[in-house]
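Here the structure comes first, spelled out in structure tokens, and everything after it is commentary.
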Amino acid sequence: MSALRNIKFNEEEDGELPCLVTGEENNLQEILENVSYDGGNIVSDAKVERVNKQVENTSAGATDVHEKKRIPVSIITGYLGSGKSTLLEKIALKGADKKIAVILNEFGDSSEIEKAMTIKNGSNSYQEWLDLGNGCLCCSLKNIGVKAIEDMVERSPGKIDYILLETSGIADPAPIAKMFWQDEGLNSSVYIDGIITVLDCEHILKCLDDISIDAHWHGDKVGLEGNLTIAHFQLAMADRIIMNKYDTIEHSPEMVKQLKERVREINSIAPMFFTKYSDTPIQNLLDIHAYDSVRISDILDSGSGNGTIHDDRMGTIMLTFRPLKNEEEYNNKFIKQFLQPLLWKNFGAMTVLGGRRRDDGRDWEVQRTKGLILIEGENPIARVIQGVRDTYDVFPGKYDGSNKECKIVLIGKYLEKESIEELLRKTLE
């Protein structure tokens, strides 16, 4: 239709421009009696040829429908040996009804997939797609960049419905998530759908509890921050948690209970799936839209864990508070005096402490933010807040009357619920 919109009248091809008949003319019968038809085409052959040519040229010059379609990206993270590559195989190589592209950013001896699919391309920072022959594509990236992935998508029009990005086992997924999480105005051809964290049920507690490098079973050089390991950050950023190798602990109900409690202390909002060989229905993992909307149930049913095990290094807290009175209170108080200081450079902690830093040096850092904010007024509205570390965005929400309180869930390190609640209380006084 966009091509036809630009078709113009040509008197030589189309003949005399006809008069418009509305049916309300006083001499309508006289007009109809003078209507003649020569038996030819209503639209001239020249006109048909010109329209067809213009449509062809427009189609050739315009961006392809497949290129315009935004492609979702799921980031798969977890330590080497946790089952990431097995999960990729389950999703991409065994019966998925999507045309999936797999991007590998980890080179490990245990991954036969990587050995089979990695191809070289000179000194380029990214490598070409490899067609696997079953509707899926694969490539390996050493220097991940959104532009590199967008270029690959553009060179494969119509071949990609979904992208799976496997990170290095020792990678913090937050910077990668922020890289993909772009403003709609940037018109990127890809967007982040969610982060899937794969855990090894048998070893994850050891990874979380023992921060010595020698204690880590996977053999990687573990990135440490204070007394936090990358496993803490991978869990905190997860939108879906795959508890893999469940068969190694299912014989011990106590171990299963302890594992659930520990994971929930760190991240209480991501759905958790216990698996063997990373086998779980695809609909549990793909097209979850974790970064562009929040299901109300995710917020209402989430909060800090209530188990007997507490990990004060990384955890989840939930704040509930009254609806905001108006847009002014939302913008000038909640956003500028609470949310932004909370997320930016630990100003929140310093504000609560009268402008000084904590004596123990353990200033909090929010890893993930999800919130539902209700704003009263003549026409009540709701806002959904999504955040990754110091970056956040706001989306329209639904104010259906069933929700009576604002709720915000924070996942991060060294979070002090009492201090953050105090900051919020002072802000909204």
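Cβ atoms here come from the backbone N, Cα and C positions, even for glycine.
Under the heading GTP binding site, Swiss-Prot lists 78-85, 139-143, 244-247, citing sequence analysis as support. DSSP assigns GLY78 (GTP binding site) to coil in the three-state reduction, placing it in neither a helix nor a strand. Sequence-distant contacts (6 or more apart, same chain, Cβ under 8 Å) of GLY78 (GTP binding site) comprise LYS84, GLY169, THR197, VAL198, LEU199, ASP200, GLN234, ILE242.
Here Swiss-Prot flags CYS136, CYS138, CYS139 as Zn(2+) binding site.
Swiss-Prot lists 362-428 with the feature domain 'CobW C-terminal'.
Sequence annotations record features per position, and here Swiss-Prot assigns motif 'psi-PxLVp motif' to 15-22 based on experimental evidence.
The annotation motif 'CXCC motif' is assigned in Swiss-Prot to 136-139 on the grounds of experimental evidence.
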Local confidence of the motif 'psi-PxLVp motif' (15-22) - pLDDT mean: 58
For LYS84 (GTP binding site): DSSP state (helix, strand, coil): helix
Fewest other Cβ within 10 angstroms of its own Cβ, chosen from the binding-site residues GLY81, LYS84, TYR246: TYR246
